[in-house]
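Here's the structure, in structure tokens; my notes come after.
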Amino acid sequence: MAFRKKSTKNPPVLSHEFILQNHADLVACVGMFFVLGLMFEGTAEASIVFITLQHSVTFPAAEERATESKFLYYYGIKDLATVFFYMLVAIIIHATIQEYVLDKINRRMQFPKAKQSKFNESGQFSVFYLVSCIWGTFILISENCLSDPTLLWRAHPHNMMTFQMKFFYISQLAYWFHAFPELYFQRTKKQDIPRQLVYIGLHLFHIAGAYLLYLNHLGLVLLMMHYFVELLSHICDLFYFSDEKYQKEFSLWAIVFILGRLVTLIVSVVTVGFHLAGGQNRNPDAITGNVNVLAAKIAVLSSSCTIQAYITWNLFNVQLQRWMEEDTTLQAPSVKKKRTKGRSSRKGTENGVATSNRVDSPHKRKEKSS
């Protein structure tokens with residue numbers, strides 16, 4: 001299956017250009033090895049580690065009428081294999097969206113090369129944030145987190161999570177890990193790589209922190225607020241790339257952006273600073289999830305404040321760059337008009353002098369003749 005448009009010339013096998021053009025096909029072949037491993041008894045046990053969630057614990061049904069047992073999960077070293085497999089899936093989905101959606105829009109809109117990379121980035125993130133917001137909201141509703149806000153700082157048992165909660169975090173980690181090889185596959189410019197690495201690293205750090213500290217519900221709520229604001233940001237960017245007249249809407253959106261950051265900080269401070277303070281454990285144990293100590297709370301608050309400050313600072317930089325670009329585009333035609341006016345006035349005066357000389361020349365000739 002071809003996810004990228006192939007050129008007329010066939011590059012050498014395993015060359016730089018060959019990998020860039022066929023990276024989705026190569027990754028799909030690697031993923032098929034794990035899927036085909038389920039068909040054989042000798043490799044099924046190893047393949048299951050990559051495809052299904054690991055570290056499950058079976059709990060008996062709480063009610064007498066209930067016949068099905070309940071499965072809860074904790075994290076472990078086998079989760080790295082699961083993250084790797086779904087990272088391959090994320091690369092394939094990324095290439096599919098790029099080939100069948102974004103590339104077609106680029107060809108229709110005929111964006112310049114400078115805008116194509118930014119448009120592709122905003123398009124990919126818009127799809128990811130939209131799916132994550134819908135999925136995360138469904139989890140919050142199904143686990144009664146919206147109706148019972150106390151789940152933000154407590155969960156029973158505190159070191160366990162449901163299937164959908166763990167699968168959500170595994171998928172999030174897989175997506176952000178897949179962003180590292182995508183820097184190579186998408187031919188990211190060298191000057192943009194440091195910014196992308198910081199952006200990806202901050203998301204991985206905070207998602208992994210909430211996953212390892214068993215702050216699943218709090219991390220999910222903060223992620224939903226963050227993703228919703230980022231979704232609006234990239235949607236505004238898509239409209240801005242299609243037509244620059246939407247710059248005013250971008251300025252109005254900046255207010256929503258700042259309000260979203262403030263709400264995120266308030267939820268973090270209220271949850272971590274007040275509610276977790278009442279249930280501090282004297283005998284913390286990081287292995288079992290009892291990490292409710294002063295050092296952990298300070299780390300959570302500081303990291304939350306840091307990422308909000310960093311993202312807000314990036315917003316100001318982007319806004320300033322766009323204002324500067326608008327000023328340069330507005331000043332350029334005004335300078336051209338002044339130059340054309342000056343030239344036209346000079347030509348007018350020269351023409352006027354020439355015509356006056358031409359009119360006066362017959363009279364002067366009569367005077368001379370008389």
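Glycine is treated like the rest: Cβ placed from N, Cα and C.
When TrEMBL is compared with the stretches 28-46, 123-141, 218-236, the one noted as transmembrane segment is 123-141. Summarising model confidence by region, the domain 'TLC' (117-326) averages a pLDDT of 80. Remark: the transmembrane segment (83-102) contacts the transmembrane segment (167-185), by the rule of 3 or more CB pairs under 8 A.
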